[in-house]
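Straight from TrEMBL, the features:
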{"type": "ACT_SITE", "residues": "Glu381", "note": "active site, proton acceptor"}
{"type": "BINDING", "residues": "His380, His384, Glu403", "note": "Zn(2+) binding site"}
{"type": "COMPBIAS", "residues": "46-60", "note": "compositional bias 'Low complexity'"}
{"type": "DOMAIN", "residues": "78-272", "note": "domain 'Aminopeptidase N-like N-terminal'"}
{"type": "DOMAIN", "residues": "308-536", "note": "domain 'Peptidase M1 membrane alanine aminopeptidase'"}
{"type": "DOMAIN", "residues": "614-936", "note": "domain 'ERAP1-like C-terminal'"}
{"type": "REGION", "residues": "42-62", "note": "region 'Disordered'"}
{"type": "SITE", "residues": "Tyr469", "note": "site 'Transition state stabilizer'"}
{"type": "TRANSMEM", "residues": "12-33", "note": "transmembrane segment"}
Amino acid sequence: MGKGFFLSKPVGVICMILGAGALATIIALSVVYSQEKAKNDNQVLPTDGGTTTKAPATTAVPSNEPWDKYRLPKSLVPRWYNVTLWPRLLPDETGLYIFTGESTVEFECVVETDLILIHSNKLNHTNLARLTSVDSGVKAPSIKSSLPQIETQYLVLKLDGKLVKGHMYHLHTKFTGELADDLGGFYRSEYFEDGVKKVVATTQMQPTDARKAFPCFDEPAMKAVFHITLIHDIGTVALSNGKQQETSMLNLGKQNVQKTVFEPTEKMSTYLLAFIVSDFAHINNTVDEVLIRIFARKSAIDAGQGQYALNKTGPILKFFEGYYSSKYPLPKSDQIALPDFNAGAMENWGLITYRETALLYDESFSSNSNKERIATIIAHELAHMWFGNLVTLRWWNDLWLNEGFASYVEYLGADHAEPDWNIKDLIVLNDVHRVFAVDALASSHPLSSKEEDIQKPAQISELFDAISYSKGASVLRMLSDFLSERVFTQGLTSYLNTFAFGNAVYTDLWEHLQMAVDNNTDIKLPDTVNNIMNTWVLQMGFPVVTIDTKTGTVTQKHFLLDPDSTVTVESPFNYEWIVPIKWMKTEVHQTDIQWLQAKTDIVDKMKTTGPTDWVLANINVLGYYRVNYDKDNWDRLLAVLSTKHNSIPAINRAQLVDDAFNLARAKIIPTVMALKTTKYLNLERDYMPWKSALNNLDFFYLMFDRSEVYGPMQKYLMKQVSPLFNFYKTLTANWTKIPPGHLDQYNQQNAISMACRTGLEECTTLTKTLFKNWMDTGSQIHPNLRSTVYCNAIAAGGATEWEFAWSEFQKATIASEAEKLRSALSCTKQPWLLNRYLEYTLNSTLIRKQDATSTIVYIASNVAGQSLAWDFVRARWTYIFNEYGGGSFSFSNLINGVTKRFSSEYELQQLKQFKADNSEVGFGSGTLALDQSIERTISNIKWITENKQNVLSWFETEAKLNEPML
Ligand code: BES
Ligand code: ZN
């Protein structure tokens, strides 16, 4: 690193753009830029030159010229880039933060053309681009005109002659851009350290924002080698995908700065690039010659908050090397925690970026859930280093395979790092159940999209949804199970070897898995991998498999949460799937898989013989489907739950509850039958079934917490949860210890939060006391219990508790503590506090932009905050959409979050009105979520009408049963 101050290095190029004179130009340009930006910001309706984020999804493309198409023409292929960037961490005279840069790209002309289209978004090109030919024998044509195309985000260069097929050219550009706080492209993150404001320049390129940092062919198949140089203030640290190769000092006009050159990258996609300048500290170790470093704010590193991530990265990396049978392809693996970051983490190759809560751990502040998130998110991003980065899907329509795959194997990587946690089971709650809820709607969509249907950045962003992540993970887990992990990983390795440093489509993976199947004669499949998987990938939804144990009849049907909804999309398979069924009969596991390939089949083995025999299918929920049985078999399963629940695996106990509740929602079984699955809970101590029950009961709370059902429901649930509460009270010696098991720790949290939710006085006293002691004496609450205790105490308290928590939030030195408080602050019942808190969400000095939408959603989850949050979002939609529109997950979460309680005709009308009123502003990545919310509201209205009376009397009866005599 720092070799002192010298000017002997060739600094010509940099001095040319960044010399004293240039500085003045830059300032002038930044003024022009800010004016330009202001124009764009005010422009809500796109004209021909409207900005993409503000364009309604339906904007017609004005003409059919190549620059009006969102996809690059196939004429030019990049080889390498040489990019120099200089982010300014102090504002200019106009208060604007900017960066300057220059770039050379070498590309090959593969189809003769007189047009260069290169992506460039919100960049101000300060010089006319220069084109030269690499071969001395071929002369480059000159550039006739150079124009930005704002809608499609191109720099359009028209040439006065043709580029020659088979020849190489260099395109040289100089540009400036704003280092805005917009969390996309090259952006600015800020934090305070010892009262001093610090600025970090960092990037988030995926999916389409590399073009905001420098002009590039910004599509995943346009892989190239990147030579990156960063100019930065002396003493700051510059990071990028490659290792720092050399660093030198420069004098640029009045400024002494540092120049860091990075080793050239491997051949890679633009969306995986990262450039960061900060004054962060780091810790490091080396595992088998791979340098592993964790970067974060100095105070976080000094407090040891990077240590857990550092300890776990090596083992997880080694695990994936074994799993893929492929060495980690880079010499280093940096991971950095950023104060402002839109997603949870981003798999930039060699420089993974995280939000702070996803990487930093402190035993005295972080809960077991925080720790689990860190282990799984590291595993997820490291999994991408091969699957996604080494081999990249050709276009975004196959995103589901990239994200679904990482979302599946993250559990395997985290399990390797924390083998005692039983973390692999949790995929059932976190992914399978999560996505069943959306994939059961008629407005769902298939995993796979057509390449031509995914064009605009907003369409790409919309793909980052629960279907891609959680359904992708679920069907890949099912596939790995029926192939066996051995065969699955054989196919995977051959896929990775074949397409390394290149691109693939999802069927390439199927082909390599098929080859592995063909090489292993012990694997028997009813059809090809491709044909089996097509039924899961090309049609939306999933089946409910019904087993009649009297006759052995097994049937399948598309499962729709609302049976009256109409599916307008035709399926190539007529909504039939090739279903692998693992099952058991009265405690005996079947070793073979029963395949269901038709609408109906007779499986003699599934007939029950004795009067107490039962059949249970979808063992460990390895299959992506629900199961229904004949009434007798349901009754027997319920009887087993009440007498010997351990004869059914815990995952399946969770599944019986979830299936029953959802089958009831779909009117396949009576609601009362679903409620009956909760009767044995007074005996249940395992986490998974409890969590499944609580998730489903949550729906009852949402539907009934404003109605007369609420009282009896509370009384019944208090009765059910009390034994669990007492169990943990004893186990933890009156709440002074923490149970040893990871899942037991979760269930302790469930016990407290549910007991308090049902109003169990001992619980409310406990949380109030713990909180009061903390307020009065500073005595710390165990991190595992903080979220629950904070929330309940703030709900029970008033302004004093709220203000105390708010000041603790502002003082918090670790993001996971701030996160717990931020969520708990939404629990107050005081409307004025909730309204004020809503206002805070749009002031980024109080609530970071990255946290704004999730805070609104927290407030909407509170029965007292729901309508306030909805009014707030409706009143400010245009502003929220324009200011917070870049994020990929946030919009669908926001819309789902503020509408999830909707269950009346009046609310439905409001929702429709909201859709109509804002059709011009648009809903961006939340478009689909809005339609799903409308569908959900319609089905909620019907559900309440049909079920309220029954549910009320069931709770009334059950609440009275065994009531202690007074
Ligand atoms: N590639 C994504 C990050 C991302 C998401 C970038 C959306 C652009 C738009 C990354 O691999 C990811 O999936 N992150 C997840 C974490 C994971 C554990 C599910 C996230 O950010 O939540
Ligand atoms: Zn991912």
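Keep in mind that glycine also has a Cβ here, set from the backbone N, Cα and C atoms.
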Among Glu381, Glu403, the one of these recorded positions whose Cβ has the fewest neighbouring Cβ atoms within 10 Å: Glu403
Other same-chain residues whose Cβ falls within 8 Å of the Cβ centroid of His380, His384, Glu403, the recorded Zn(2+) site, in sequence order: Glu347, Glu381, Ala383, Phe387, Gly388, Asn402, Phe405, Ala406, Ser407, Glu410
Recorded positions near ligand 2 among Glu381, Glu403, Tyr469 (Cβ under 6 Å): Glu403
Cα proximity to Tyr469 (site 'Transition state stabilizer'), best match among recorded positions His380, Glu381, His384, Glu403: Glu403
All-chain count of other Cβ atoms within 10 Å of Tyr469 (site 'Transition state stabilizer'): 24
For the domain 'Aminopeptidase N-like N-terminal' (78-272), the mean pLDDT of the predicted model: 97
Neighbouring C-beta atoms (10 Å sphere around the C-beta of His380 (Zn(2+) binding site)): 27
For His384 (Zn(2+) binding site), nearby residues of its own chain (Cβ under 8 Å, 6 or more apart in sequence): Glu347, Asn402, Ala406
Cα separation, Glu381 (active site, proton acceptor) to Glu403 (Zn(2+) binding site) (Å, whole number): 10
